[in-house]
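Quick look at what TrEMBL annotates:
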{"type": "SIGNAL", "residues": "1-23", "note": "signal peptide"}
{"type": "TRANSMEM", "residues": "292-314", "note": "transmembrane segment"}
{"type": "TRANSMEM", "residues": "358-385", "note": "transmembrane segment"}
{"type": "TRANSMEM", "residues": "391-413", "note": "transmembrane segment"}
{"type": "TRANSMEM", "residues": "434-453", "note": "transmembrane segment"}
{"type": "TRANSMEM", "residues": "465-491", "note": "transmembrane segment"}
{"type": "TRANSMEM", "residues": "512-539", "note": "transmembrane segment"}
{"type": "TRANSMEM", "residues": "545-569", "note": "transmembrane segment"}
{"type": "TRANSMEM", "residues": "581-601", "note": "transmembrane segment"}
{"type": "TRANSMEM", "residues": "621-651", "note": "transmembrane segment"}
Amino acid sequence: MAKGWIFSALLVVSLVMAPACEAFYLPGSYMHTYRQGEEIGAKVNSLTSIETELPFSYYSLPYCRPKGGIKKSAENLGELLMGDQIDNSPYRFRVNVNESLYLCTTSPLDEDDVKLLKQRSQDLYQVNMILDNLPVRRFTEQNGMTIQWTGYPVGYTPEGTSDVYIINHLKFKVLVHKYEGGKVRVVGTGEGMEVISDTDTDTDTDAKSGYEIVGFEVVPCSVKRDPEAMSKLTMYEKVDSVSCPVELEKSQMIREKEQITFTYEVEFVNSDIRWPSRWDAYLKMEGAKIHWFSIMNSLMVILFLAGIVFVILLRTVRRDLTRYEELDKESQAQMNEELSGWKLVVGDVFREPTSSKLFCVMIGDGVQILGMAIVTIFFATFGFMSPASRGMLLTGMIFLYMLLGILAGYAAVRLWRTVKGTSEGWRSVSWSTACFFPGIVFIVLTVLNFMLWSRNSTGALPISLFFTLLSLWFCISVPLTLLGGFLGTRAEPIEFPVRTNQIPREIPSKNYSWLLIFGAGTLPFGTLFIELFFILSSIWLGRFYYVFGFLLVVLLLLVVVCAEVSVVLTYMHLCAEDWRWWWKAFFASGAVAFYVFLYSINYLVFDLRSLSGPVSATLYIGYAFIVSLAIMLATGTVGFLTSFSFVHYLFSNVKID
């Protein structure tokens, strides 16, 4: 699947760059034109709710079913992991044909149907419909403002009453743009593509011209119809148009023994929107000033920390080294007895840290996660993770993570060789690196999955997908990590510039050390927290997040802040004669994950107040834990590698006999 996508992208790019071609291409989506009167079928995705975050199948409710039966669309790995279940639907449209049609009338509702419909309506479940890969939109007025939503509600409860009414009539508006054809055209449905070359004849141009779907909107309403009269109709027979909204007395209430009639009408409207711009309405960037404020705030923190690092490196450290090097050996020996601070730990600064194997494993996993994040966001910034290809972002992240296992193994084993001075035990380190983070994620997801299974949610991963993920893990990620570890044994270990004493130096008691480290995590968090709000909103409130340009800048700023914070804290510990800087350098920047997790809990309590039920809250906390762990490993790795380079440079300038 990934190879086919890459091949398609390369083929289209080559076509665009050919001298006599006129074409455009949006990665992840291919243009499709329709003839006048051509039939188009709408698809339905899982029912979703911001109250429960538990997706359910569209056909778990008593909706009308297609004539030819339910057919599932092919789904990629990312869609399956996100709980998407895309099926065909009975809703069909004929291009540029405005009509009002009958679908079906249900059997009398029993107690279970009524209970389920009311529960889904009260939990604010939305029906997510798709036409030509575009999600349906609706608009509501709140406090004089027009708010855009994707999908429409299952039902609603009017103010001042406890009765629940079902949405059973849909007024669709399909925006179309007339396409006149061109010299080269790339068309398809997202599952394949077709390249057509044409001549300059009018006949060929007319054959290629057609209509592009550039917008899909709906006005949902509830209409009570006579079930006896309606049940005599067949699917797609014409019915009278309805003006929405309908008075409450004429709306369809959900109650036992009721028969619900489903109808819809469609209106095609010509639009000036071109096909490349049709997603602009969904990806409209709001709060750009807030994003810029976040970046400016981060830049101020970076400049402040850069000033401190500048003072440390160019004034304090350089001055001490210059004075030290100007003395003769006898004077240096005398000076060593009088000196205090970082120069006194010269014989212990590269001493092996406690739990060195775990440390190497975490650094290896951190390199892997950081590489995946940077590459994914970079490609997403340039449009290679289009929202038109659902699940592509998550699928790309998984494949990148597996491929970067070779870097994880290499980094972990080379650090292990550097610490131990030998390659003995590298296989154990490689295996641990391949299983540490994925193993934790797998355990958490398994527990969450059992909870989803118990609720019959489409968010639960099928057993077949579990075996697929395990196969990818052990057939791709683990071998690549072992290969990286083998390459790490062949690489030269990093030579320490000073010798390590046999007897460790006593460390002055300092009670504030770890408190200072966790306090330092607030600085990287200050870089991240504004963008974190938008990311959480996109995940849990069903909004599209596509400001990856801002996210890439914030990620780069976060890396710089983590590096600076770790260097400053490491220098402070060395000045306090504390040579146990390895883990502290890691957690000085990795502590940002602790604040990310706390902020996620704060978001759950104050911004997701509507989230109901222990299952939904447990899902949220489980996913927040996985993300926080990944952030800790990535940022901690940045902090350690920077501090290691700093300490290596610092003590390589000290001459010791």
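Note: Cβ is positioned from N, Cα and C throughout, glycine not excepted.
Comparison of 358-385, 391-413, 512-539, 545-569, 621-651 by number of C-beta pairs under 8 angstroms to the transmembrane segment (434-453) places 621-651 first. Remark: the transmembrane segment (621-651) contacts the transmembrane segment (358-385), by the rule of 3 or more CB pairs under 8 A. Sequence-distant contacts of the transmembrane segment (465-491) (same chain, at least 6 residues past either end, Cβ-Cβ under 8 Å): 77, 80-81, 364, 398, 401-403, 405-414, 416-417, 423, 426-427, 429-431, 433-435, 438, 442, 449.
Note on the transmembrane segment (581-601): residues 349, 353-354, 359, 362-363, 513-514, 517-518, 520-522, 524-525, 528-529, 532, 536, 558, 561-563, 565-566, 569-570, 573-574, 620-621, 624-625, 627-629, 631-633, 635-640, 642-644, 647 of its chain, located 6 or more positions outside it, place their CB under 8 angstroms from a CB of the stretch.
Remark: the transmembrane segment (358-385) contacts the transmembrane segment (545-569), by the rule of 3 or more CB pairs under 8 A.
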